[in-house]
Amino acid sequence: MAANKDEFSVKQISPKLGGERGARNPYGPTSLHDLVEQMEFLYVDVIRAIKNSDVDPGPCDPVVEITLGNYKSSTKDLPVGPNMDWNQVFAFDKTKGDVLSVTLKDRLTNTVINKSNFKLASEIPTRAPPDARIAPQRYPLRNTKTGFYLMMSVWFGTQVDEVYPVAWFSDASEVSTCVINTRPKVYLAPRLCYVRVTIVSGHDLISTDRNRTPSVYVTATLGQVTLKTEVSSGTNPSWNKDLIFVASEPLEGTVYIRLIDRVDDQHEERIIGKLEKKLSEMTPLKVPSSAPALFYDIEVEPAGDSRRFASRLKMKLATDQAYHVAEESIQYSSDYRPFVKGLWPCLLGKLEIGILGATGLKGSDERKQGIDSYVVAKYGNKWARTRTVVNSVTPKWNEQYSWDDYEKCTVLTLGIYDNRQIFKEDQANDVPIGKVRISLNRVESDWIYACSYPILKLGSSGLKKMGELQLAVRFVYVAQGYARYSAPFRWLLPKAHYKSPLSVYQIEEMRAEAVKINCANLARTEPALRNEVVWDMLKPKTNTRYSTCDMRKVAALAFFDLFLYWPSLIVWLAIYLVVVPCIVLVGLSGLHKFLTRKFWNKRENPRSPLIVNDLKLWKLESPNLDELEEEFDSFPSSVSDVNILRMRYDRIRMVCQRPMILLGDAASQGERLYALLTFNGDDQLASFYCWLICVLVALCWYNIPMWLWSLYPIAYWLNFTPLRNDMPCGVSNFFRRLPTNEVLF
């Protein structure tokens, strides 16, 4: 089914944001919530139940119930402290009722002990930071003769309030003890570092069988990852093998090194030595360099083996702190900083984002009317998670977060997920709904982009719109002068990546390991950011449909060939009259646009959205369902139908044939150029022609003004009448006849 282009477009919205930027320190943390709509809550901070010393209430297990309109929250699922205290804040939408009812019950008998009502309009104060929190007090509940008072505080506040991240919201009152999984949180993932173990050589190695020459390979283990060298024979084997691991700060792990002797062809193996080195004992490389090669005595296996000399292993052990460990695909990278902080570039600016809400969300479970959704935003090593809005397809979050930005050529990633951790009986994995990515290169400084972004999900059944995510984005420059204007010209990656580059295979292998380490680190937080969420946020981009998309780009270049064969003289004159004045005025037009854009039109909102979804470019207007099914197929393939596999094999052969033909043609042209430069061939006339053409070109180059040379491509593109010829020119014929190596195949 053809996709509707307008359905997947980005729409500008006009939310009632919290106000203008105002005066504040751009170097400090963001405290104003001016990128979100203000949400007013009724906060109830329940501290404890206090016994009346004059009355003995007898055995009692107190429970507090708070009711506003149709919403009810209770402390029955909260642990009770030794002094009957809870210290829990409850939050209600103030528009859901006019009277707040607080009831103290006995859990054992389910009877009401005390009860009190508050009128929202007259009896509850309003408080906003930086005002201090309202002190709790003993509220005069009725029936205090039963022996209890209730210590609590009540006030009106917004999402700016410091209790917002820990409050128990009324829409999540049914999630009981799993309420912690619904709270907003900011996570700082530990920074990652490469650990390079270079196995140089072994010395005086002895096999367990003294009559046999050892065939040894070395394994190194850090955490759950084990790498090994090739097998090398002899008592003094040589490897010169780099084993690279990924470790997270504070670099407290241990590398376990084993020397394993392969006894026979049946791969019987025996450990002949071992060694342990802590990461803190390795050489920290903070500049592009190499660690010194040192000899290390190994512990001989089996234990108790006595010998007059020690076997040694020559190694280079270092923590490469000058590299940036990639955890994201390079196309979606949000950070390029190395591990060591001294090599970081200067702070460029502040990225601020307001997560307003979503509309029209669609979940994987069609039987469920609402969705328990939350948003995760990732930039650099800082992750932000909004609170979970329970059972709603149009959630409102209105939460604002900020990041320090060191490089503008980066991408902000936001994912929206269905929370499956809020009920004890439903402890499944969180389900991804979709993602939105925003390139900071498209964000102009000091503008507020308030847009509704389509949440797109590509599956085996085609492209689906899972709803829309409403965001407000702003970037503010902090750096000034030279630091700001030289930023586009500095190195994108740290210097070590250019001095001692890693291979593409190594980078991808380390990236997969970095994702696992981040999953493990963030899973240990409270509340945990689950593994499936981290993996989905860091998932690399898919490469399917690249062949068809890139061939469209090649076909676009062929469009210019149409200009060489204008259908009539009238069309040629019309194009000539339009193009030539544009070429003359292009410099003035560009300068005028730059000046008006930067200095005069600064008061206008930018027109271009941050994301442009080109369905034609990605072949998603009329997607091939079999290609999509192949893209989301497992590896190895789960398809058992031989005919489908044969069809896919033939299709990939055709796809691979196109670039091979292009590469063959390019190689042939290169061989002809090489033959021309080296004067290969038996025809001496070709050498003479080449010499003559070079002389003529040199004479023309030194005698014809440069502005005339610049007119030649324009004249060739416009295809003036004297230049029209359907037959190839003589120079092309001459070049075509030069020898190639095609005849050898």
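Note that Cβ sites are derived from N, Cα and C of the backbone, with glycine treated the same way.
Model, not experiment: these values are computed from the prediction.
Taking Swiss-Prot as the reference, the stretch among 1-30, 601-630 described by the feature region 'Disordered' is residues 1-30. Cβ neighbours of Asp106 (Ca(2+) 1 binding site) (same chain, under 8 Å, six or more residues apart in sequence): Cys60, Asp61, Pro62, Val63, Ile113. Counting residue by residue with DSSP, the domain 'C2 2' (171-293) contains 15 helix, 63 strand, 45 coil. Other Cβ atoms within 10 Å of the Cβ of Asp61 (Ca(2+) 1 binding site) number 12 in total over all chains. Taking DSSP states H, G and I as helix and E and B as strand, the domain 'C2 3' (326-453) has 9 helix, 57 strand, 62 coil.
DSSP classifies Asp61 (Ca(2+) 1 binding site) as coil under the three-state reduction.
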